[in-house]
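Visitor: Attaching a single structure in structure tokens format; questions to follow.
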Amino acid sequence: MKPHSLHPWNVTPTEAREIQERFRNHVLQKNVARLRHIRHVAGVDVSIKNNRVIAAIVVLDFSSLEIIASSIHRQPVRFPYVPGLLTFRECPALLPAYEKIRVEPDLVLVDGQGIAHPRRFGLAAHLGVLLGKPTIGCAKSRLIGVYEEPHEEAGCYTDLFDGEELIGAVLRTRTNVKPLFISVGHKIELPTALDLVLNCCRGYRLPEPTRLAHQSAGGLLPSPRARYET
DNA sequence: GCGACAG
DNA sequence: ATCTTGTCGC
């Protein structure tokens, strides 16, 4: 369950972009077999506090959307926030948090873009490739791409394009609330990603996995090690 | 040069 | 992301 570390994290912005260009073709936009029997869905998110990165991962039972495991990992910030290079700021803390999880997730929802990224390698895509697992990018705002505003009813969506290329969708996860920017992370197709995200929504804008991971990273959920960790 | 820009 | 309380609307 230990993710492959195929490249260094202690890099310059220029090197970071080179790494993204080198790995962008590793993304698989195809549904894999395990998506047909999803039992565990994970949500990952990160918060920054006192110059420290707080990475949180929450694993939910796919059918009940109840928490069955979670973990947190904190470490110093080692990379600045640069649009397009978010992975190099958050991933170094997410990987250790992932290693602590005892339950193997079948799918991972990430708070950030998948391939809806300048080099088609946003955080969700990068994490998916490193973990070799299906991931979906669920961003709260746009990084790149043009789109038409989707209708106000929950479930409605429009395509997100970068020129002629379809890179994602703008999905209304809740009626009359700002839409989410969904894109393929890894080992999944966009239509499937949209369907699964909607199935993870419980009346809030953010799907449960990501929503709970966000609360966990912000220190709003009961301490993982006190309740769910072994 | 100017504006845009995941979290 | 973070700094921060109450408040308007479905």
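The backbone N, Cα and C atoms fix where each Cβ goes, and this holds for glycine too.
Straight from TrEMBL, here's the annotation block:
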BINDING   A:Asp45, A:Asp111  Mg(2+) binding site
SITE      A:Tyr81  site 'Interaction with target DNA'
Visitor: When you measure from the Cβ of A:Tyr81 (site 'Interaction with target DNA'), how many other Cβ atoms are you left with inside 10 Å?
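Guide: Here the count is 11.
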Visitor: What are the non-local neighbours of A:Asp111 (Mg(2+) binding site), defined as same-chain residues 6+ apart in sequence with CB under 8 A from its CB?
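Guide: Looking at Cβ-Cβ distances below 8 Å from A:Asp111 (Mg(2+) binding site), excluding near sequence neighbours, one finds A:Gly43, A:Val44, A:Asp45, A:Val46, A:Cys138, A:Ala139, A:Lys140, A:Thr210, A:Ala213, A:His214.
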Visitor: Count the Cβ atoms, other than its own, that fall within 10 Å of the Cβ of A:Asp45 (Mg(2+) binding site), considering every protein chain shown.
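Guide: Other Cβ atoms found within 10 Å: 27.
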